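For reference, the structure is listed below as structure tokens.
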Amino acid sequence: MERKIDFSKFFPLEKSPLVQCITNEITCESMANALLYIGAKPIMADDPREFSQLFEKTSALLLNLGHLSEQRQESLIDASSYATRVNKPTVVDLVGYGVSDIRNQIGVSLVETHPTVVKGNISELRHFCGLPSQGRGVDSSMWDQGEDHLNELIAALQKIGGLYPATTFLATGQKDIVVNQKQTIVLNNGVDELDRFTGTGDIVGAIIAALLGEGHDPFEAIVSAVSYFNICGEKAKQESFGLADFRQQTLNQLSLLMSETWYEQVEGWEK
Ligand SMILES: Nc1ncnc2c1ncn2[C@@H]1O[C@H](COP(=O)(O)OP(=O)(O)OP(=O)(O)O)[C@@H](O)[C@H]1O
Ligand SMILES: Cc1ncsc1CCO
Ligand SMILES: [Mg+2]
């Protein structure tokens, strides 16, 4: 890739950042383990009564819309306003954006606090930008991922990026789009199977939060987290048989790939 990012500096982590995750029960355990595998520390804590003390100890916050309830809504909103007050690096994952009005309202409230990173799959982010979207539940659709649709989403995110200068946006899929006010990159690693086990996007969000907790620039943290995870998937595909095994091998690579020159395989281009 043209842009000069020194990928060798991201893994292994140096500070073992403590990442607070308010997330869904479906992939919560995978997310906690993924953070441990890369050398971070997870705490899945969503009771607002703990926030004032917990926020003193954490390095980053991950807010995931995946499994809503009234209680989860309160936790997400409370945590995001706390994060704004104390300047905590925050990733908002707009899981299922477009599924319902209430999900969209909560998503917008979180984005309006100008978090460090806003992510979702391409269909979720098309919905968020007001573009037609064929997403199904929490999964994206290939229809949204043709070249014209990708370019349309890039243009929409660049426009929104101007309104949110402190936020970097990530739309994931076969290709991944990273956009902020200053720059845009398209990333091209990964394999189709990464869309065939649940929680891959959730885990990427948590890895980004860990890299923010290390103190990295948000744009670089996103590019590295997505590329690292997707190259883990590429390696896993070579060594696995069946999707359950592929999932296991992808997670296994999270702790292994960092001892190799994984960054030589990063594929992407600036737009
Ligand atoms: N067809 C594909 N080819 C290459 N990489 C892919 C493909 N689909 C997904 N990925 C990668 O898998 C990761 C998760 O992306 P995806 O868009 O599936 O997230 P998601 O829908 O939010 O996932 P989930 O909701 O299950 O957590 C990203 O790093 C993305 O680049
Ligand atoms: C399947 C599913 N449903 C709500 S959240 C989730 C996990 C993927 O984010
Ligand atoms: Mg998916």
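The backbone N, Cα and C atoms fix where each Cβ goes, and this holds for glycine too.
Keep in mind it's a predicted model, so treat the numbers as computed, not measured.
As annotated by TrEMBL, substrate binding site applies to Met44, Gly199. Annotation comment: TrEMBL describes Lys119, Thr172 as ATP binding site.
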Across every protein chain in view, the count of C-beta atoms other than its own within 10 A of the C-beta of Met44 (substrate binding site) is 16
Gly199 (substrate binding site) and Thr172 (ATP binding site), compared by Cα position, are separated in whole Å by 12
Around the Cβ of Thr172 (ATP binding site), other Cβ atoms found within 10 Å total 27
Met44 (substrate binding site) to Thr172 (ATP binding site), Cα to Cα, whole Å, comes out at 24
For Lys119 (ATP binding site), the same-chain residues 6+ apart in sequence with C-beta under 8 angstroms from its C-beta are Val91, Val92, Asp93, Leu94, Leu125, Phe169, Leu170, Ala171, Thr172, Gly201, Val204, Gly205, Ile208, Ile222
Gly199 (substrate binding site) falls, by three-state DSSP, under coil
